[in-house]
Amino acid sequence: MLPYPLLLLYRNFKRFKSTFFINLIGLSTGLACALLIYLWISDERSFDRYHALDGRLYQVMENRRTAAGIETQGGTMPLLAEALRREMPEIELVATTTPVPFFPPFTLAAGGRQLTAVPKYADPAFFQLFSYPLLVGTPATVLQDKHAMVLSEALATKLFGSAQRSLGKAVKWQMAADSMQTSLVAGVFAGVPRNSSEQFDFVLPFASFKDRMQMSETIKWDDDGPFTTYLALKEGADPAQFQAKLAGLLKTKSAQAQAQGRTLFMRPFAAGYLHGTYENGVATGGRIVYVRLFALIAGLILVIASINFMNLFTAKASRRVKEVGIRKALGASRAALVGQYLTESVVMALLALVVAVGLVQLVLPQFSELTGKPLALRWEPQVVAAGLALALGTGLLAGSYPAFYLSGFQPAAVLKGKLPTKAGDVWTRQGLVVLQFTLSVLFIVAVVVVNAQLAFVQRQPLGYDKAHVLRFDTGGKAARQQTAFLAEVKKLAGVVQASTVLGGFLGGRHVEEMSWRGKRLPVGTMLVNYDLLETMGMHLVAGRSFAPQFRADSAAIIVNQSLVAGLGMPDPVGQQFDGRRIVGVVRDFHYESLHEKIKPLLLQLDPSINTVLVKLQPGAEQATIARLQQLYAAYNPGFTLDYTFLDADYQAQYVAERRVAVLARYFAGLAILISALGLLGLAAFTAERRRKEIGIRKTLGASELGIVWLLTGSLTWLVVVAIVLALPLSYLLMQRWLEGFAYRVAWQWWYFAAAGLGALLIAWLTVSVQAWRAARRNPVLSLRAE
Amino acid sequence: MNLMIKTDNLEKVYRTEEVQTKALNHVSLTVEQGEFVAIMGPSGCGKSTLLNLLGLLDEPDGGSLQLLGTETSRYSERQRAELRKRSLGFVFQSFNLIDELTVFENVELPLRYLGVGAAERRQRVEQVLEKMQLLHRRNHFPLQLSGGQQQRVAVARAVVNAPPLLLADEPTGNLDSASGHDVLGLLTELNEAGTTVLMVTHSEHDARYARRVIRLLDGQVVLENSRSQF
């Protein structure tokens, strides 16, 4: 024997099969979407939160006043950690480290094996601050010795076969073209979890980096640096007080720092991942924007699915309303009836949850690929609770309106089985359909705009040619003999041109304020080799490129148009700027993503750089790459060349947008599917309710087409109203999204037309199927049924 | 004798946008405990409206209505539901069984709303079904039964919680004469066992089962007579 609510649901299902399936499909796809988004969001929120000191763990950040407003950076001066430890008693632990993107992977050699791995330099407190459990070694001492190194378990296993065996072993390593050094393995850590914002393979003492760079032994407060400083406050220390103390620190230490408006502040370490963006010194979001956006989308899809339930439930109310009368006559209170209908909808939602879990399992592999996260549906209490909460919330939301609507009738009025028509009910039902379609149109416009912007990103002239450009970092002998290696690369068949550039071609540049004739301007610097402009197909608008025959080029620079315009330089070539001579002006090019405006930039010659760009002849790429591999192996035996195509690097800048585009497409599809299902159900009931009317009209000579129009007409108007509402709304929302791009596609009238027409077509197709069926029915049967 | 029903100038008006119809116009009547009263009159005279008001299925627009000695015309929805489930039983012309529930579940419903435990419910439902000779039909659905059987189920449902007042609205209207006779016999039995019965009918034949007849015309009581005065 089934429990009573389930029994009722089962009998209702038998009576209204199509409604049941429409509701089940709608609610379960809605819940499946919400569950997927929940998995994604909870993964996003788990980033950097696994450290034991989380809550007391902070990163020291710096604000700096510039002509363009306050700039916020995570980079701090070297030796800040030591100074803070001395001066701030509230601090329990503090460490300066090098950020992972700072170095290309190092070359490591041990036990006859050679490989590349990602390094990080850190102060001794690093393994106490962060919870990377040590399999070998103790956190407090493992980085004490300057010649120590700590490997990840995976790296230790690759080099020595196991973590235990690696202890005390010597590893030779090389930072780019620098000389070979040797460290002894002092510890092994379990590895960096996937949900860490930084991924690295081994840690070296920051002290050894300090020695190598011949940094001063005492902190210079005027210094500027790319180093990241992390601290943990003592338990009980007041973060707000400490924050205030930190903010006042620089101006007491350095007049120059005070003049530049530099202040330190700290932000919770775990917040960096989701709240990484600052505008004019204020945190403005970051990835959290997408977390919120997707949470909103999940909510909206559940609302759309719930609306189906509400509409179908109240539409079939005419059939159930008599039951309400009977139950009330038998003494059911309104609360009991509300309870009954809510139970029914919650049970329905729970049933949908079961189906949704199946759907999630089914699409999880694709969803994981799409989001770039290996997500899994695990039976953890949190996940189960979230699923149940979602289903319960949806059930209550979906059931609330029908429950209060149905239970509100006077029993005498409904006992005869006739539904008293209140104008308000019709309005509510129609309002819900309008809301549904408004959201659907919104999704369609979003899909169109996101895709248009992505197409724009592909189309936009970049000021360089990103096609057929290979990028790789050299190490070992190839790095030490950079010039010779590059010369040989250029001679290879299939290579058009080659050059090097610091840190790769794409990405933000180190910015410093520079002045010219009293005008100050923040200027980015790109360290480049000969032939970069030629390799990248960039255009000179004045002057010349760097060339080896001009000895003085080591003190020469090439600037971009933005710099010339920013300073208002009338005749830039030959001018002295920041102590260097301008030899050429390059046409503005997008060295950052289109989110960013092209900023003033200077190119400075530095032939020692290790990130190589090679322009290949199209058509024979594979053969050319094989030759490159061969050449590289000749310089560095046993190494393979890890290369990427610049085009792929370029696309990688828009990974988030591309994900949004794909997800928006899916969600829009689902929203429309669910809305259309609801409309289908509603149309069926309208046809049913007006069966007699249709019979009479046909008897009086109405054509089938006339009947179809009669039934589709009213619903058409609802969709039209939805379109009218959705268009301005979608404009506002998508304009906000577009504003995240400095270079964006212009709005086209057809974006709206396509979305509106699409929604209208879908609605028509859905409704007309029902309408045709109703119109073709034999009127005699309809009339006799009455 | 205690008063079961006492109405004083009871009024009910139906309004549409343009027309006001007085369905009941200053109806005053009393029904004593243990009576079997028939309310008669032509279609549209307000019989069913009166029964709906007496059953607290609808709200009066004026006058007072005392049930079991308490004034109910200002009762809240919750109070009316409470009184219905404890003290009133209903039998309708169109049976008004819930199609999705079995015979047993239909009869059980009032007990569920009273919060009676499962074991006691089962016992009481079986008892009343046996009395109505329906026990063998307990797992059938209403649509699998004949009209007479359906109405017997409805009567069983109306009396399963032993209400002091039973309201019947044309209980034989949808039945053949044999089944009608059957149902009227049941009502008489219940009345003899102490239940007050108020029955709306337009059949003179059915009205003869009652001990008193109240005649309505155009929303007003026009005649009250006891069986001896027929």
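Quick reminder: no glycine exception, Cβ is built from N, Cα and C everywhere.
Predicted automatically and left uncurated, TrEMBL annotations should be read as such.
Positions annotated as transmembrane segment by TrEMBL: A:20-41, A:293-314, A:335-364, A:384-406, A:427-450, A:666-687, A:707-729, A:749-767. Among the features that TrEMBL reports, domain 'MacB-like periplasmic core' is placed at A:21-247. Feature annotation from TrEMBL assigns domain 'ABC3 transporter permease C-terminal' to A:296-410, A:667-779.
Per-class residue totals from DSSP over the domain 'ABC3 transporter permease C-terminal' (A:667-779), listed helix then strand then coil: 96 helix, 0 strand, 17 coil. Relative to the transmembrane segment (A:20-41), the listed stretch A:666-687 leads the set A:427-450, A:666-687, A:707-729, A:749-767 in CB pairs under 8 A. Under 8 Å from some Cβ of the transmembrane segment (A:749-767) lie the Cβ atoms of residues 437, 440-441, 444-445, 448-449, 452, 672, 676, 679-680, 683, 711-712, 715-716, 719-720, 722-723, 726-727, 730-731, all in the same chain and six or more residues away from its ends. Long-range contacts of the transmembrane segment (A:427-450) within its own chain (CB-CB distance under 8 A, at least 6 residues past either end) are made by residues 300, 303-304, 307-308, 310-311, 314-315, 401, 405, 657, 660-661, 664-665, 667-668, 671-672, 674-675, 678-679, 682, 715, 718-719, 721-723, 725-727, 729-731, 733-734, 737-738, 745, 751-752, 754-756, 758-759, 763. Among residues of the same chain six or more beyond the transmembrane segment (A:666-687), those with a C-beta under 8 A of the stretch's C-beta atoms are 18-19, 22, 25-26, 29-30, 33, 297, 300-301, 304-305, 307-308, 311-312, 315-316, 429, 433, 436-437, 439-440, 443-444, 446-447, 694, 711, 714-715, 759, 762-763, 766-767, 769-771, 773-774.
Using DSSP to sort the residues of the domain 'ABC3 transporter permease C-terminal' (A:296-410) gives these counts of helix, strand and coil: 98 helix, 0 strand, 17 coil. Mean model confidence of the domain 'MacB-like periplasmic core' (A:21-247) amounts to 89 (pLDDT, 0 to 100 scale).
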